[in-house]
Amino acid sequence: MRANTRLCKQLFAQRRTFSSTARRLDNYAFIGLGQMGYQMARNLQSKLPPSDTVRLYDINRGAAEKLAQEMSAQQAGGASVHVADSAADASREADTVVTCLPEPQHVKATYESILKAELPARPGPRLFIDCSTIDPTSSREVAAAVDKALPNGQGHFVDAPMSGGVVGATAGTLTFMLGAPESLVARSEIVLQRMGKRVLHCGPQGAGLAAKLANNYLLAIENIATAEAMNLGARWGLDPKVLASVINVSTGKCWPSEVNNPVPGVVETAPAIRDYQGGFGIGLMRKDLRLAILAAKEADAKLVLADKASEVYETAESEERCKGRDFSVVYRWLGGKE
């Protein structure tokens, strides 16, 4: 009787050990290694087990090779890394594909190249996560193309634009705005939380981009208004730090006034103190504003300040003293005292 009991315990222990270690290996593709994507891919790879694989692709092969070399040299382990020859090559064996690309046309062309290739069947449905900031209509078109090319639930496309900039991408503290059906939220969150801190589910596919563009439209307006108010106060003889302290405990408080104040020296960590270097580039703000205006027209939503704001950013960026700098450089363009 005792022998039988011991045998049962041994068999149970063997089954338990097998069930806890028999994990299916996962393959990932990461496409688009710009300033954001480079850091996001690094965090994703470092937080995956060594049994998994990440295939990297960027039109600039040197960036992919440099990142792969850095990943392979790290002491902490992480998934194995390979450099792919194309987006289709990176995605061929991938269970999860993450893309982070500059413009709608880049996203469309990339997914067209992936879907044209003969993608072999995977043990489960493929998940495509697009972290690019593009217009919701273009994103929905790509989602439809994925559904058509991979019918019967073989592939799913979700949008997950992020907030937090290069600093957040490097630190792994990004916030992702997810547009996906409820059935894909849990799986998407697992991937995104390896690259960021928070995932906000905004609704069905396309909703993440709608939320991102609405937020950035508001940010574009607040930034200009903050620069104008700070310049106005300075010309009235107010100390900029005193004015900022009043605004930030009053109804005018906003992110540009409190965190990214455009007057050099008011906030020690703001780009203004570094000649507006780093931060959120004025060109990127112009792009997001353009996409927000496009999305608003498609939704028949009136934006009465949009055209003027767009003109401000375009004119400011055209000047050498403002070009390539943080979007708070609008203060300099206004003639603010530095």
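Even glycines carry a Cβ here, placed using N, Cα and C.
Predicted automatically and left uncurated, TrEMBL annotations should be read as such.
Record features (TrEMBL):
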{"type": "DOMAIN", "residues": "28-203", "note": "domain '6-phosphogluconate dehydrogenase NADP-binding'"}
{"type": "DOMAIN", "residues": "206-334", "note": "domain '3-hydroxyisobutyrate dehydrogenase-like NAD-binding'"}
{"type": "ACT_SITE", "residues": "Lys212", "note": "active site"}
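Around the Cβ of the residue listed as 'active site', the number of neighbouring Cβ atoms within 10 Å comes to 26. Taking H, G and I as helix, E and B as strand and the rest as coil, DSSP gives the domain '3-hydroxyisobutyrate dehydrogenase-like NAD-binding' (206-334) the counts 82 helix, 2 strand, 45 coil.
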